[in-house]
Ligand SMILES: Nc1nc2c(c(=O)[nH]1)N[C@H]1C(S)=C(S)[C@@H](COP(=O)(O)OP(=O)(O)OC[C@H]3O[C@@H](n4cnc5c(=O)[nH]c(N)nc54)[C@H](O)[C@@H]3O)O[C@H]1N2
Ligand SMILES: Nc1nc2c(c(=O)[nH]1)N[C@H]1C(S)=C(S)[C@@H](COP(=O)(O)OP(=O)(O)OC[C@H]3O[C@@H](n4cnc5c(=O)[nH]c(N)nc54)[C@H](O)[C@@H]3O)O[C@H]1N2
Ligand code: SF4
Ligand code: SF4
Ligand code: SF4
Ligand code: SF4
Ligand code: SF4
Ligand SMILES: [Mo]
């Protein structure tokens with residue numbers, strides 16, 4: 001999540017869900033936590049019981065709105081306008097937390113003279129490269145002013161870091177290559193020595209740029225763009241302001257209502273700016289809760305299922321990339337001279353040692369050349385775009401259902417139809433497994449050449465492993481039972497696939513096979529594992545995932561642990577070295593397995609400490625609130641008694657507190673880096689954002705591809721032009737995938753006048769495989785429906801409970817009409833616009849089937865993370881049904897009763913639903 | 001307790017089948033059947049005949065338990081509904097989209113023992129600011145989406161219990177109203193009697209079912225499945241006395257925070273109904289939630305109805321007698 | 001398999017377009033219906049006929065043995081047959097008929113169903129005895145004392161078996177029924193009226209002129225008397241009638257019931273022949289069935305505004 005990384009340093013939720021009970025106010029925006037994370041939502045509710053004010057800003061009045069104190073409806077895709085308005089409100093009304101902002105953010109930093117803001121260029125930043133539809137941030141002078149003597153006043157002494165080309169690696173470099181062949185250029189010059197103006201008066205200091213940039217986001221403008229009233233906006237603003245400061249904190253929670261936009265990263269950036277200005281970062285009950293989805297989606301980004309990053313957010317080296325040719329270049333390019341990322345070389349070398357073991361030596365660059373290079377964009381959208389055009393031969397699909405849940409699912413299915421072979425590992429025969437026979441929009445099976453191999457997968461309870469959830473908490477789960485029949489865990493599948501491949505290539509001397517051959521691949525159980533009931537597991541060949549976790553944690557290779565006879569486990573990433581004496585599979589997770597037999601992810605100890613530090617293990621280093629140094633004032637005292645978390649204990653000469661300090665423990669608050677300091681030594685005792693090169697929270701962040709400051713642009717499909725910057729309707733760096741299967745209604749058209757968004761229901765899960773094969777859930781939400789307002793229904797003659805059709809340039813579906821006052825028309829730019837809401841849980845496979853909202857959505861992508869825009873697109877709606885689309889369930893309703901009779905019990909006493917009962 | 005409460009609960013209840021020796025004797029007689037051993041038609045028939053008359057020892061009374069459901073924190077997630085189905089292995093009731101907000105299971109039944117209700121209360125005005133619980137802005141009109149997780153009220157003097165002719169319905173040691181499905185013969189008296197429409201008869205075995213208040217779990221020291229699953233603690237389970245205290249505090253708190261409509265439903269007896277061991281915190285009239293505004297225990301009419309019924313017969317007999325005596329030769 | 005609840009909710013409403021998703025629960029019936037119609041209307045009739053016939057015969061026989069001993073001896077077996085048919089209906093109406101005997105594991109005065117079952121069960125014994133001894137008497141084995149004893153013993157449970165039914169239907173939470181304070185009064189009263197009528201037919205068949213004369217008078221008085229509890233019951237249910245039926249429907253059914261009562265009254269007043277008595281009694285029984293059927297049906301009927309929404 002570069003939106004957070006660019007502002008604070010790490011791309012993850014900053015606080016933990018239980019901490020929301022400590023908030024005085026929570027702004028939910030682009031999140032529907034009560035429906036999507038109902039279990040975690042317990043904590044906001046607890047906060048509310050204690051008196052917190054909950055606010056929901058959303059196009060739809062949801063089950064969460066119902067329990068919030070205030071709901072404000074805004075049109076989909078107008079979030080930057082709303083948040084920008086809040087930033088402007090805080091600045092113009094002088095409601096920002098002066099001490100905090102001055103000490104902990106880059107508000108005083110002076111920006112390069114050549115930089116031009118959207119205010120100067122009518123909606124664009126300087127440095128736009130027309131040819132590639134992207135910014136060249138270097139040419140645009142987005143960087144900090146170069147340190148010249150006699151510039152503005154500077155805070156602290158002057159340092160001279162060794163390398164000029166510092167770059168923020170938290171914007172993983174690989175992302176930069178998405179879509180454009182050009183490597184991303186770095187705007188940074190000398191970050192740590194950039195001139196600053198603590199009076200914040202310099203016209204080019206961040207604060208002044210910020211003020212000018214957001215000046216046009218007045219309550220009236222917000223109202224015009226978002227469709228809410230100015231008073232309504234002001235009420236939210238006032239609540240945030242009065243609930244921030246020394247004594248009080250406000251938390252902002254978001255999810256897909258922010259991310260699934262072509263401006264998603266910038267929406268999150270705006271929230272980051274707001275929270276920095278209000279002084280809510282690093283503090284209890286504050287922060288930004290990125291509410292993530294899939295059980296281990298955070299883990300998936302940490303341990304790099306993203307094609308362009310290696311475990312621990314190290315960039316994936318690329319083909320044709322001179323800077324990544326050899327290890328020294330890679331390190332030079334990827335590290336930062338100051339801040340925590342100065343340790344970059346230790347992370348990558350330890351990773352290579354973990355992967356290639358003894359074969360990785362200083363002489364062969366630790367096997368760096370064996371690491372596969374990315375040669376293109378392998379993000380889902382771009383990849384399936386290629387597949388749909390016939391550019392891909394075979395595909396492994398493990399635990400994903402793009403044929404049902406991918407944006408523009410029709411295009412995804414067209415891609416699958418173009419494959420020669422497809423391997424689907426899943427619990428159920430999903431749309432992506434039966435697309436060749438059950439897709440009502442596809443040619444007959446005889447015309448589809450894809451050979452589909454369906455591999456039955458084991459369920460979570462049938463395998464061990466870990467999940468890293470939304471608050472970076474790694475939690476281990478043990479295996480409860482063996483999977484039935486031929487079902488196997490994904491780990492089993494890939495472990496054994498790896499073994500076979502190694503066998504296949506054994507003895508090869510081809511250099512390109514050496515990576516595979518040298519890969520350490522020895523996770524066999526020492527003895528056949530046992531199930532909780534003591535019996536031996538039936539499954540052969542399952543890997544021991546605790547061994548994998550130990551590899552992830554890391555070892556000191558030059559030291560044998562007498563207890564195990566194996567290399568010593570490291571206790572945390574501070575032990576890592578870049579000389580090849582340590583191995584570590586993912587540096588951020590280091591410490592999760594600090595000693596033999598102590599799997600901290602498996603710990604479930606409750607204590608008096610409300611933070612519950614012994615319940616699982618949070619990365620990094622079991623810190624639960626990131627940047628928690630900021631919970632104390634510059635002198636190291638808690639901002640207030642009510643909101644204390646960590647503080648400087650001058651007697652112990654150490655940071656102490658409830659949470660593990662996210663700071664060097666013994667660095668005193670008054671520490672000033674000496675001249676020329678590097679690494680962590682260059683971070684002052686008052687700079688809490690230690691993974692930023694200057695240790696500061698970045699109000700202005702040049703590390704993002706669509707601009708150093710957020711700007712409101714309309715979604716790619718919108719019924720409106722950009723009211724704030726009429727010349728630039730949509731994000732100029734947006735990525736499109738033109739093609740016959742992916743038509744876009746670019747300009748506001750009369751053909752598609754209605755705004756649509758997609759959302760989740762508590763009762764179903766994603767594209768549905770995990771819920772639409774379950775009768776208990778299906779009875780709760782049995783059919784695809786669309787939510788629409790009374791006004792729109794009346795206009796189109798749509799009857800509640802009747803049928804309606806929804807059309808976009810990609811496809812059309814039918815749905816039952818849920819006419820409700822929970823949706824209301826918006827008055828935007830003086831004209832009425834209607835919005836509908838579509839749950840995206842139905843498609844053509846399962847026990848219940850129905851129209852698939854993703855047959856309507858488009859393949860368009862945000863420039864930073866290739867996120868699609870399923871939260872805002874345009875459509876047309878009509879009363880009635882589609883013709884010739886009768887769908888039939890592909891699975892029979894669950895067999896009932898599911899249980900055998902209770903033994904030793906007379907027939908007359910058998911509970912209902914047991915076989916053999918009654919008549 | 002109000003005097004009415006005494007009257008309501010003083011009603012003679014089950015005269016249980018014999019315990020002790022006779023029961024032991026009967027049990028011995030059909031012991032193979034009781035152990036589920038199929039032994040041909042004769043023992044089967046005999047077993048089924050005698051089975052209902054066999055009784056074990058009554059468990060020791062425990063602290064009365066129940067539910068306090070705070071509807072103001074319910075998020076309508078239906079976790080309780082699914083947890084109940086899962087724990088009790090109840091089948092789904094079919095896939096019917098109702099169009100009544102997000103409620104597609106519609107009602108309690110023999111196969112749905114928990115049911116989450118959704119009530120959309122939105123005015124026609126088009127402002128997009130709504131204060132769902134009325135706390136932040138008193139100026140905004142009432143725009144609410146009420147949710148309520150409904151189930152058996154476990155009435156202290158339960159009409160269903162009073163009506164059951166087989167003694168299948170008992171008040172168990174936790175003072176919860178419990179249907180012994182192995183005794184019920186599907187006469188439906190309880191269905192007719194329940195003022196809340198909780199019970200129906202299952203088509204599967206022809207027996208009546210409803211929330212057991214997770215009797216099986218309680219006996220094993222666990223809290224009911226629905227309460228366990230509720231993420232927002234809308235469903236509080238515990239000793240009834242404690243729940244009442246907790247609930248009234250919450251009502252006071254809501255009154256302070258600008259929700260003057262909050263009140264408790266069923267925590268104390270009324271003129272016409274006993275207290276309920278599961279009671280609710282509501283913010284609108286009961287009927288809005290599909291609850292009777294003033295539940296009435298039908299038993300209150302029973303004496304009078306018997307008197308009228310007997311009188312109707314006696315008068316007729318008297319008339320007949322008079323005519324016979326007058327006209328007989 | 002979806003095991004839907006058997007007793008379909010009479011008032012589950014289809015979505016109403018004007019309300020959108022804002023349908024709510026305000027106008028729905030809260031209670032569930034027991035599914036007692038059809039069979040139970042017949043049960044109520046047969047129950048009245050059996051118990052009424054026994055009671056009428058017993059009372060008449062005990063009051064004027066000379067006149068009634070002949071018809072009574074025929075009446076008891078007939079009453080037994082009626083009772084048996086009624087019991088079959090009762091068993092069949094159970095969800096699990098094989099468990100009828102579970103009713104007998106407890107005695108619960110609080111439950112009209114329990115009280116009724118016990119009365120019926122106990123009553124069936126003396127009735128069987130009385131019927132058997134009556135038949136035996138025809139065949140020549142006369143145990144007159146024993147037979148009379150059985151009749152006397154049967155009086156109380158027989159009366160109880162007639163009296164519980166109305167209370168069973170009126171002391172519950174069902175719409176309409178719960179307001180029907182006079183349902184029991186009407187049903188018990190009507191049982192004796194029907195019993196008297198049945199006895200009258202039997203007398204006519206057996207050409208017992210004295211009995212016919214007495215019973216004709218009793219019939220007329222009882223029929224008129226029966227209008228009182230019926231009227232009171234009607235008054236109890238005025239509100240629910242208005243919810244369930246249109247004025248026209250109410251008038252039509254009311255007229256039908258009135259005609260059903262007036263025709264036998266007229267016939268019996270005019271003529272004491274077998275034909276007119278039989279026709280009169282058939283009309284009366286039909287009328288009694290109609291009344292029972294209408295009232296038993298009430299909770300199972302959807303309110304008017306709901307039906308119009310369909
Ligand atoms: N029951 C259930 N739980 C889930 C999932 C599920 O499928 N089912 N999925 C899981 C996954 S993978 C994820 S990622 C999370 C996602 O969790 P969420 O992001 O909370 O879920 P959504 O319903 O997709 O979207 C959230 C809200 O964004 C609103 N919204 C739409 N457009 C906009 C907009 O432009 N601006 C703003 N401010 N709001 C907008 C929608 O109306 C919706 O209420 O949920 C997880 N939890
Ligand atoms: N329009 C629209 N589209 C969206 C979204 C939206 O908000 N709007 N949300 C998006 C989001 S946030 C997400 S995360 C994606 C999710 O999209 P997907 O990742 O495709 O999620 P699912 O559709 O649930 O498919 C997951 C599959 O994994 C299977 N599975 C579960 N556990 C295991 C296991 O242990 N092993 C294996 N091998 N298989 C398993 C399940 O049966 C299921 O078939 O959808 C996206 N699509
Ligand atoms: S599905 Fe799992 S992760 Fe999601 S809210 Fe429920 S318990 Fe939490
Ligand atoms: S709510 Fe109904 S079913 Fe539950 S105890 Fe009370 S009367 Fe019985
Ligand atoms: S249906 Fe069963 S539980 Fe209900 S009253 Fe009859 S016997 Fe009792
Ligand atoms: S207490 Fe048990 S039986 Fe009753 S609703 Fe809850 S889960 Fe279901
Ligand atoms: S589990 Fe709790 S919050 Fe969810 S619907 Fe049930 S009562 Fe409401
Ligand atoms: Mo997700």
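Yeah, the Cβs are placed from backbone N, Cα and C, and that goes for glycine too.
According to TrEMBL:
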- B:1-20: region 'Disordered' (REGION)
- B:65-95: domain '4Fe-4S ferredoxin-type' (DOMAIN)
- B:143-174: domain '4Fe-4S ferredoxin-type' (DOMAIN)
- B:175-204: domain '4Fe-4S ferredoxin-type' (DOMAIN)
- B:306-327: transmembrane segment (TRANSMEM)
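Tertiary neighbourhood of the domain '4Fe-4S ferredoxin-type' (B:175-204): same-chain residues 51-52, 61, 64-66, 91, 107-111, 151-156, 158-169, 210-213, 215, 218, 240, 273, 277, 291-292, 295-298, selected by CB-CB distance under 8 Å and a gap of 6+ residues from either end. Secondary structure of the domain '4Fe-4S ferredoxin-type' (B:143-174), assigned with DSSP and counted as helix (H, G, I), strand (E, B) and coil, comes to 5 helix, 11 strand, 16 coil. Across the domain '4Fe-4S ferredoxin-type' (B:65-95), DSSP assigns 13 helix, 6 strand, 12 coil.
Counting residues of the domain '4Fe-4S ferredoxin-type' (B:175-204) by DSSP class, helix then strand then coil, yields 5 helix, 5 strand, 20 coil. Mean pLDDT across the domain '4Fe-4S ferredoxin-type' (B:143-174) comes to 94 in this model.
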